[in-house]
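Below you'll find the structure, written out as structure tokens, and then a few comments.
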Amino acid sequence: MAVLQVLHIPDERLRIVAEPVKEVNAEIQRIVDDMFDTMYAEEGIGLAATQVDIHKRIIVIDVSENREERLVLINPELLEQSGETGIEEGCLSIPEQRALVPRAEKVKIRALDRDGKSFELEADDLLAICIQHEMDHLVGKLFIDYLSPLKQQRIRQKVEKLDRMRTRA
């Protein structure tokens, strides 16, 4: 297992559209395991492969408090969505920044699990929001893309300043 480097804005690799996984094999399972290690090390609740410079349609999520409810979504497809909600979202690729983002309240998706088995999942609340957030990453979209240009610029400047401070430390 390994902790991978998480890309931060303004890194353009975050805008690359992920490719479908052709076969779930040992390499894909290793990527999934490394992504969980990375997500937990960074204290996140979700991570898309794009965020660790792997441009495959892979997402890992764990919104549980005890960190024991791992959800793997390989090649996820949105089947249905309904309702409206929104919370202040954060993102490991946009450290220490949050903003209110409009999302569907409920979603139904189809995906492959860590073993390559197809399944469908209906989600609501935080899990539904997290799924939508991570699926956005797979198409090169970030939560700040939902914000006004002024708010986007302010967040970019704050993240760049944080990265400069971390580099000096």
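Here the Cβ of each residue, glycine as well, is placed from N, Cα and C on the backbone.
Quick look at what Swiss-Prot annotates:
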- C91, H133, H137: Fe cation binding site (BINDING)
- E134: active site (ACT_SITE)
To the nearest Å, how far is the Cα of C91 (Fe cation binding site) from the Cα of the residue listed as 'active site'?
9
Return the count of C-beta atoms lying within 10 angstroms of the C-beta of E134 (active site), excluding that atom itself.
25
Go through H133, H137, our binding-site residues, and report the one whose Cβ sees the most other Cβ atoms within 10 Å.
H137
If you draw a 10 Å sphere on the Cβ of C91 (Fe cation binding site), how many other Cβ atoms land inside?
28
Note the Cβ centroid of C91, H133, H137, the recorded Fe cation site, then list each other residue of that chain whose Cβ lies within 8 Å of it, in sequence.
G46, A48, Q51, E89, L92, S93, E134, D136, L142, F143
